[in-house]
């Protein structure tokens, strides 16, 4: 009996550790999308870039789903509604808002708004779905947010809030709201991660196709450089398929609030990858902010005994 209890607790601990490790990898992969996206959007429009990314990802997901289940799993009417809403928000709306904002404000300022999505999700889950966190978890949320703000503001913490609020900022508010809705919807579906991710991406890709169709007809896809195609492959396979599936699995396993807090690590990894790949300098603010973000993520996921 003692051995059985030990093995059961060990299996639970191992499973939770795997989820957290996957979420760190998700943040790392999404951090890489900033660099890959920069390469692609230098040649293609934001809408067409998003369509190629999610179109490739949708094809991969369909193949993986058919390989693992042998067919398309049946969804209820309610699950189809969730899939449509998730495709409309997390794929279509988020990308349109995000790329539109990038064309108007600098990338660092967009990251400032992205870092607000965890706390908004946590508030929404607390108000509407009564998902509870402990005091130490809320402390972790605050530390992760402060750390991310230090990173994206390059140490000019208060200066980031003194800039004017224009169209780009409004677009980023739309992007953040879209991702919050996507995350909450996934929490409510109780559907296998691979199945719901596939259906939502198919719907989102369909919406993107309708939006980008005029550009797609007039674009010269054969003229796209190899670096852009490789970036699209990375965005589709790692930044979308693998990252979205692991993100969805984590929502079901540890909850939306504890999952989305890992989004605060995305700007940190983006800065680190920019240093390693683009040789951009690392400053004291990046080290301090990154450390606070990691500590905040750990505290947010700490369970009181």
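Just so you know, glycine gets a Cβ as well, placed from its N, Cα and C.
Taken from TrEMBL, the feature domain 'EamA' applies to 20-152, 167-301. Residues annotated as transmembrane segment in TrEMBL: 12-30, 50-69, 81-105, 111-129, 136-153, 165-186, 193-214, 226-248, 260-278, 284-301.
Against the transmembrane segment (226-248), the recorded stretches 111-129, 165-186, 193-214, 260-278 differ in Cβ pairs under 8 Å, and the greatest number is found for 193-214. Contact between the transmembrane segment (165-186) and the transmembrane segment (284-301) is not supported: fewer than 3 Cβ pairs lie under 8 Å, counting only residues 6 or more apart in sequence. In terms of DSSP helix, strand and coil, the domain 'EamA' (167-301) has 120 helix, 0 strand, 15 coil. Contacts between the transmembrane segment (193-214) and the transmembrane segment (284-301): absent, as fewer than 3 C-beta pairs lie under 8 angstroms at sequence separation of six or more.
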